[in-house]
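*Asks:* Encoded as structure tokens, here's the structure I'll be asking about.
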Amino acid sequence: MPLFVEVALPVPMRQTFSYQVPDHIVIVPQKGMRVQVPFGRQQLIGLITAITDTCSLTPKQIKPVISILDESPLLPDSLYKLTAWAARYYFCSLGQMLSQAIPVALRKGAESKAAQVFYWSLTQDGRAADINQLNRAPAQRKLFSALAERDLEQHEITTMELSKTALKALDDKGWISKKSRVGTINLSWRTELEMTEEPHRLNPEQAIAVATLTQHKNYHCTLLEGVTGSGKTEVYLALLETILKQGKQALVLVPEIGLTPQTINRFRRRFNVKVAVIHSGLTDNQRLDAWRNAKTGEAAIIIGTRSALFTPMAYPGVIILDEEHDSSFKQQEGVGYHARDLAVMRGHLEDIPVLLGTATPSLETLQNALSGRYQHLHLGQRAGVAEKVRQGIVDIRNQPLRSGMSHALLNEMRIHLDAGNQVILFLNRRGFAPALICHECGHLHECDRCDAFFTVHQALGEIRCHHCSNQYAIPKQCHQCGSTMLAGQGVGTEQLASFLEKEFPNHPVVRIDRDTTSRKGSLEAHLNSIHKGEYKILVGTQMLAKGHHFPDVTLVGLLDVDGALFSADFRAPERFGQLYTQVSGRAGRATKPGTVLMQTHQSDNAMLRELMHKGYGEFARNQLHERKQALLPPAWHMILIRAEAHLAADADMLLTQIGALLPQNDDCEVIGPMPAPLDRKAGKYRRQLLFQTKNRNQLQQAFEHALPQIELLPLAKKCRWSLDRDPQDLL
Ligand code: ADP
Ligand code: ZN
Ligand code: ZN
């Protein structure tokens, strides 16, 4: 009886493909095995998703599988379910989602089992043979006598630099044979866990958290909200001790920038177990090795960045996400999955607990904790001793600024630098789409149709409301005081850094942003130099704040508070609140108290005051309330459709047509098309459309219904377009 398989391939088509399994393939196909198949003129590697004995294609249309690459399924069933769920949720093909979940080496066809070691040894005949028979064949003689000493691995023989014919000649005589063995798997940690460091005595809050967390063995999700330095990592370690003692593994996910040797070492120091580290800096083979160690259970702890989420575990025990609010958990390129949301789903599917830790919870997670869907634990005291920081606002209304810096901030910098300390200056990503604010009186220009600020599109010569699409030409004068000093484009990190180099020639400046850290290892190198004190002035974007403690930094300046608070991106205030809280929590140390200064045109702004005086917790709860009022996530659900084209009209038209395919009523809203806040890039016009719904299911259904029709639109083939569900970044 002919046998057919359905195969998910790494192509954008949202479907699987049928192939026939030819008789000469002896491996019995199973769901989840890799196969190599013809696809057009190429050969692709895909995963079997189903096995059938009938097929709707005609015998002429159906092509045969070239080979089956695995002897057993590659991933546990839970991870297939996870990828299938994710493919549906993020509206991509199963093949595309599976390629996110599988290490590159396996996608290219590498062996999934631990590499076999090949070696040569003497056969019985060989051992009985007389070496003098080889006197006239010195190469064979040399090899024979070496093998008489001990077995030799293939690569050891290669280094002896003998001709291949010598090996073959001995093999033909039947004197030697090739054998293989697999590296053995060491699972001793599961029965006797060896601790290599004495844990801290937990403080009462930590002890309560650990006791609560260790009660559950099944799925439940917990938010651990603890101020910076309150000992969250210590709680993770105590929880791990319990989990590992039960013979189960732990998956720890950290932000991209957070996976420093210090972090990894804290886990290595405590337990004598194998730790698999997985991040984007590994070679394909290192990554595959780590993946195998996790899959076999040899690695008790798996620690990694976003994509490590898909690492299989033989004995799943817990998933921990540190700094759960961090935006690097959302993939921006290609399939835009969110590792935090998928981690919670994985916890469900594997029926294990999930722990989300942070000092500054994302509004999504906070809402789930406040509504009771997640358990909510707090750590309020600092574990170590630390002085509270001094915080202040610099009102820059009508003040002369030099490269974005006020006199007040420059003077304060001098004091800290003269005392031998370091200074950090933060800027947002700039150069596009700021709010329209009057430098003289601080007036913010608001949309006259709704409760949102206008965004300046310098290139288009217009201001736009990104909430309702309302637009005007950029005004020449302030609507409140008539001043012509309307702040448009801001300063970039590059300009600021070169200004500071001239202003403070004796204090070396370093710039940390996407441009200066794109090369592998360059971020680590920069951070190391900062720790050694080689730089005194640190200029950076949000990136610099994540999970780092620079004990000699005593002054933190936030230059462009307005750009963050009044941005077109509705998440910007939340991000700013997180940045502010994270840097305030880390500035200075017991002996050197820190100062945090914010420059703004809006010194009386209620949001800002609240953040300073009541802290992130209050601020975030109010933000949550405002999002509900404005029908924004996490209250409502959102998908962003981006289009770019050489002709703006093409992108606009495509999005208009897509908009027409989507429902609009009390529960579903279409906004746009409108220019993306970054409206031109690499000569292409960028446009976007937002589709928002009151509940998650409405979005799923409406979009699943519209998608096949969208794909048939002629313009959909002409323009580049992409989907971003739960967008984290509207730019
Ligand atoms: P967080 O992860 O919340 O920022 P950490 O776990 O890194 O906090 O703890 C901050 C510092 O306090 C670390 O140096 C840690 O070793 C120390 N620490 C944590 N818990 C305790 C404790 N119970 N007793 C003493 N020191 C502690
Ligand atoms: Zn004004
Ligand atoms: Zn508006």
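For all residues, glycine too, the Cβ spot is worked out from N, Cα and C.
Note that TrEMBL annotation is computational and uncurated.
Sharing the record's features from TrEMBL:
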BINDING   C438, C441, C478, C481  Zn(2+) 1 binding site
BINDING   C447, C450, C465, C468  Zn(2+) 2 binding site
DOMAIN    213-379  domain 'Helicase ATP-binding'
DOMAIN    455-635  domain 'Helicase C-terminal'
*Asks:* Could you say which of the binding-site residues C450, C478 has its Cβ with the most other Cβ atoms inside 10 Å?
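*Replies:* Going through C450, C478 one by one, the largest Cβ count within 10 Å is at C478.
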*Asks:* Tell me the Cβ neighbour count for C438 (Zn(2+) 1 binding site), meaning other Cβ atoms within 10 Å of its Cβ, over all protein chains shown.
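*Replies:* If we count other Cβ atoms within 10 Å of C438 (Zn(2+) 1 binding site), we arrive at 23.
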*Asks:* Within 10 Å of the Cβ of C465 (Zn(2+) 2 binding site), how many other Cβ atoms can you find? Include all protein chains, please.
*Replies:* 22
*Asks:* Just how many other Cβ atoms lie inside 10 Å of the Cβ on C441 (Zn(2+) 1 binding site)?
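*Replies:* Summing over all protein chains shown, C441 (Zn(2+) 1 binding site) has 15 other Cβ atoms within 10 Å.
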*Asks:* Any same-chain residues 6+ apart from C447 (Zn(2+) 2 binding site) with CB under 8 Å of its CB? Would you list them in sequence order, or say none?
*Replies:* F453, F454, C465, H467, C468, N470
*Asks:* Validating a neighbour-count step here. Other CB atoms within 10 A of the CB of C468 (Zn(2+) 2 binding site): how many?
*Replies:* 16
*Asks:* If the criterion is a C-beta within less than 6 angstroms of any ligand 3 atom, which of the binding-site residues C438, C447, C450, C465, C468 pass it? List them in sequence order.
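*Replies:* What lies within reach of ligand 3, judged by Cβ under 6 Å, is C447, C450, C465, C468.
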*Asks:* For ligand 2, which among the binding-site residues C438, C447, C465, C478, C481 have a CB under 6 Å from it?
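*Replies:* Within range of ligand 2: C438, C478, C481.
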*Asks:* Cα distance, C450 (Zn(2+) 2 binding site) to C438 (Zn(2+) 1 binding site), nearest Å?
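*Replies:* Just about 20 Å between their Cα atoms.
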*Asks:* Give me the long-range Cβ neighbours of C481 (Zn(2+) 1 binding site): same chain, 6+ apart, Cβ under 8 Å, in sequence order.
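*Replies:* Result: C438, E440, C441, H443.
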*Asks:* In whole Å, note down how far the CA of C450 (Zn(2+) 2 binding site) lies from the CA of C478 (Zn(2+) 1 binding site).
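*Replies:* Pair distance, Cα basis, whole Å: 19 Å.
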*Asks:* Other residues near the Zn(2+) 1 site, CB within 8 A of the CB centroid of C438, C441, C478, C481?
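*Replies:* Here the non-site neighbours turn out to be H439, E440, G442, H443, H479, Q480, G482, S483, M485.
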*Asks:* Report the residues of the chain - excluding C447, C450, C465, C468 - with C-beta within 8 Å of the mean position of the site's C-beta atoms, for the recorded Zn(2+) 2 site, in sequence order.
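*Replies:* Checked against the 8 Å cutoff, the neighbours are D448, R449, D451, A452, H466, H467, S469, N470.
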